[in-house]
Amino acid sequence: MEKLVNDFSFGLFFWQAIILFILILLLVKFAWKPIMTAITAREVGIASAISAAEAARKEMQNLQADNQRILNEARAEREAMMKDARDIKEKMISDAKAEAQAAGEKIIEQAKATINSEKNAAMAELKSQVSNLSVEIAEKLLKTELSNKEAQSALVVKMLDDVKLN
Amino acid sequence: MVLTGKSIKNTLTALVAVIPSLFFANPAADTTLVHAETAVHAEGEAHGHEHAPVDKKSKIKAFIDHHLKDSHDFVFFSDEAEGKHYGFPLPVIILDNGLHVFSSSKFHHGEEIVEADGNYYALHHEKIYKLDSAQAELSLDEHGHPTNPQVLDFSITKNVVAMLFTAALMFFMFVGLAKSYKKGPLPTGMGRALEPLIIFIRDEVAIPNIGEKKYRKYMGYLLTVFFFILILNLIGLTPVGINVTGNIAITLCLALFTFLVTQFSANKDYWKHIFWMPDVPVIMKIILIPIEILGTLTKPFALTIRLYANISAGHIVVMSLLGLIFVFKNWIAGPSFFGLTLFISVIEILVAFLQAFVFTMLSSLFIGMAVQDHHHEEDHDAHTDEEPIII
């Protein structure tokens, strides 16, 4: 302890106090303040840059999710549209088929009617011709039959019998 | 030979194990040295040549003593045979009935008496004493201390020069660093090495001890003190070897700064804990007052002694080991002590950083204790465990 007290130099203490005091004041003003401000500003900048990057990443993710969703929607819509188109096509085909059938049937019907009328006409003509023919035949027959008397009387008797019978 | 990690480790362990024996050996050697020295003085000049080794030892001891002290001139090396010293003188400023300024070369390294404005001064072990006349000699008491009155010495000594150099160096380094931030967000050149230290002091020292909210105000002081001590410690390890931080006046001044900063920034709780400790009986409160006051004073005292002792011890060990090379002067001792000195010097670099860190750390701890907010009454017991223990 005596050595310590002996070693103590007031002059050195005095100069040290002055130098240190001035040094602290100068460095605080010209060095520490700007340095600390710069470091803090940089750290704040880094932190905000990191959070911004994180936000951008999230946004990107959201965007990607959106894209996926839109893509899915588009795909679903396309599916629906294709399904509709297919339905419409089928419907058109079936409609056309039905129409065609109806038209066909109608034509057949008309054809049948025409055939019938033609047939009737043909029948009528045939009938008239047959009747004419038969009249002619009958005429001829009658002419031949009625050429002898016996046959004529026999016919009258026979006809009378028929009338009686009726 | 292949040096594996383990063998290096073992060698280091062995070396570390050897160190304490050396340390404990030193004082014993010193005491025998002192006995031998007094013996030499008692026997007089007659056996001067027979005691050559003892003479060398005492010379080394005197050299170390001289080295540890502040000096009024810069001496790089001396030529013993011709009594010449190579270096340059520094201004001497004495306050003794007015200011006297003269060059330290007038003392001729303590060999001559200087006359300034009718007063006579002598230099003895780097202290300046006032003499009655030009012919008078210093009168020494039985311990070898002069009885003449000492004068107030404000000389620009070697240590003051070293401090001015350090201050200038720090100013240019850190103002340069501050300017480099204007060019871009990242420092360039030396700033790259300095910035991590600044961030370390902020994140590992100031914020944990003082707190996120209040640390900013004390950063200037803590950073200045850290780099000031660090640079002076490192200057002490250079071959110039100016022992500044191993000087009690320097460390006391530093500790006093911390003390003043602590006291002036202390809040109401701090004073309350000193003068009227809460949550204890009244008698205990009264007993605790002197203890707490003493506690505030022991903190700067511990700071003073810690730095002084660590740095002085480092210088003493390194110089003693170097001195041993010249004591033994043979082919085994030379290289081995050289190696050991190298090893201790590397440790001293670690100590230079460590002591600068410890001083800053404890300063911030004391400041933190003075400014921290106590929430006692309700949870005082809960956080007494958290209060730091300072040994």
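Placement of Cβ uses the backbone N, Cα and C atoms for every residue, glycine included.
According to TrEMBL, the signal peptide annotation covers B:1-25.
The feature transmembrane segment is assigned by TrEMBL to B:160-178 (among others).
According to TrEMBL, the feature transmembrane segment maps to B:218-238 (among others).
The annotation transmembrane segment is assigned in TrEMBL to B:244-262 (among others). Sequence-distant contacts of the transmembrane segment (B:244-262), counting only residues of its own chain at least 6 positions beyond either end whose CB sits under 8 Å from a CB of the stretch, comprise 68, 70, 159, 162-163, 166, 218, 221, 225, 228-229, 232-233, 235-236, 296, 299-301, 303-305, 307-308, 310-312, 314-315, 355, 359, 362-363, 366-367, 369-370.
What TrEMBL records for B:274-295 (among others) is transmembrane segment.
Per TrEMBL, transmembrane segment is recorded for B:307-328 (among others).
According to TrEMBL, the feature transmembrane segment maps to B:340-367 (among others). With a threshold of 8 Å between CB atoms, the same-chain residues lying at least 6 positions outside the transmembrane segment (B:340-367) that come near it are 15, 19, 22, 201, 205-206, 209-210, 215, 218, 221-222, 225-227, 229-230, 233-234, 236-237, 245, 254, 258-259, 261-262, 265, 299, 302-303, 306-307, 310-311, 314, 317-318, 321-322, 325, 388, 390.
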Who are the long-range neighbours of the transmembrane segment (B:218-238) in its own chain, taking Cβ under 8 Å and residues 6 or more past its ends?
162-163, 165-167, 169-170, 174, 197-198, 201-202, 205-206, 210, 244-246, 250, 254, 257-258, 261, 265, 307, 311, 314-315, 345, 348-349, 351-353, 355-357, 359-360, 363-364, 367
